[in-house]
Amino acid sequence: MGPAAQVRWGPVVPLGPMPDPLDRAVPALVLPPTPRRVPDVSTEPPSALTPPEGAGLSAVMGTCFAGTRSSIGPQPERGAREMTEKYATTDAGAPVPSFEHSLTVGPDGPILLQDHYLIEQMANFNRERIPERQPHAKGGGAFGSFEVTNDVSQYTKAAFLQPGIKTEMVARFSTVAGERGSPDTWRDPRGFALKFYTSEGNFDMVGNNTPVFFVRDPMKFQNFIRSQKRMAANNLRDHNMQWDFWTLVPESAHQVTYLMGDRGIPKTWRNMNGYSSHTYSWLNPDGELFWVKYHFKTDQGIDYLTQEDADRLAGEDGDYHQRDLYNSIEDGDFPSWTLHVQIMPFEDARTYRFNPFDLTKVWPHSDYPLHEVGRMTLNRNVVDYHAQIEQAAFEPNNIVAGTGLSPDKMLLARGFSYSDAHRHRLGVNYKQIPVNEPKVEVNAYSKDGAMRIRNATDPVYAPNSMGGPEADPARAAEVHWTSDGDMVRTAYTLRPDDDDWGQAGTLVREVMDDAARDRLVRNVIGHVSDGVKEPVLSRVFEYWRNVDPDLGKKIEEGVRAELA
């Protein structure tokens, strides 16, 4: 804007007789009173408008736009910029010629394909986005450390779980169903994924903020996630679709009770626990095997948002949880979690009253109490969200000596599905991305593939007689268990206490207090009243009566009243 121009603030004048409800003050440009002279094509000689014969394109363009650049005077000088010794480069390291102007034929001419920096910028921009995670797309995280404070060496030989050991790690928290742009405060389970950079390789725990899950067989997982996302026709999330799935899959009751209760919307990521949910295994130095569940208890205390507060925050700040974590760490208020484990002797699993590998069940603390192990503290924010969080790849198959998986069907399936998802999103060499690299020396026989970073060296095959790396069963110390039987497609073998409603009912009657039960009822009534139709509606009432008769009665009465 030229020096002779002025900026005046005033209301927009409506174009029609009806006032515009969106009227507000906007800058109105007031030009100098003396207009510039515009050539009159009827009186000016041809030479004033026509370039000389043989003139180039720049001359033509200069004539066509003569006066336009100068009509508001020269461009204002930019304010003094902070001096720096860093100068921008292209991705190839060459100096950048300009951030503001493309290479053109004359000031007003067309751009040139040889403007390599412009081409690089446009091409890179078109490829900035990578496929988002299928579930757990919206999330954030930070770096920190884990320090062992109690001795559990009699149960595991894992080096990072020995007394006094401190291990660097990274954490990522997320919602399950929401896309990358969705609000942090939707009612949804929260992902709780951890990667420990141990002295024996990376160890990952891919958990949630609840100790159970919706399904126990991986055949149901894909369809479960689809039921929580969007309809094919209108691309909208749909409560009727969600309850249709849940009520047809009774094993979901325990997790749905958690979801519709206070833990369905944690106040912040700092105010929620993290659980392995799955049963894992530990191996001690004597070769003894134990089954374990991991519990990361927040040191900030459990806290939650009401549905009303969550809805308000979804509109005011969709990144509320991510902002809270980042700002807390920036302010030096480092969040921490204390790790406890439940430990089951190997042989107990054969005869325990329900299947200990059922992902929809918890182990009662009266049977298998918590043992404190250590503390996880997040104390360093990321400097590049995309490189360090969006490209972070967590997977249950990242285990170290002294740890292992279990016969949990969902866990074994996740061992494949997570690594396969990373290969799709990030490429086959995703473990060479810095945030995913182990701190130990890597001597792998994998080679080539897209975006290969680590150099392959001969020999590139095994076995070989050329001094290549050798397998070491003793150091690997794999966890083993025995299984036999015919190949079948069937559910787990039923045990005396294997039912889908019992633990959900216990959660309602013995864990929740009166106020928590009232909030659960209100949350379910509000959710079901918003779009759930017959015949699903009647199944919803039956579902909750199976969890607890009194609870089911209150929910049905409340929904009927809302829909009346």
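Just so you know, glycine gets a Cβ as well, placed from its N, Cα and C.
TrEMBL labels come from automatic prediction, so no person has curated them.
Look at H136 (active site): DSSP puts it in coil. What TrEMBL records for H136 (among others) is active site.
The active site annotation in TrEMBL covers N208 (among others). N208 (active site) is surrounded by 26 other CB atoms, counting those within 10 A of its CB over all protein chains shown.
The DSSP secondary structure for Y418 (heme binding site) is helix. If you draw a 10 Å sphere around the CB of Y418 (heme binding site), it holds 20 other CB atoms from the protein chains shown. The heme binding site annotation in TrEMBL covers Y418.
Residues annotated as domain 'Catalase core' in TrEMBL: 89-470.
As annotated by TrEMBL, region 'Disordered' applies to 35-54.
All protein chains included, H136 (active site) registers 24 other Cβ atoms within 10 Å of its own Cβ. Across the fold, the C-alpha of Y418 (heme binding site) and the C-alpha of H136 (active site) stand 12 Å from each other. Taking the C-alpha positions, the distance from H136 (active site) to N208 (active site) comes to 10 Å.
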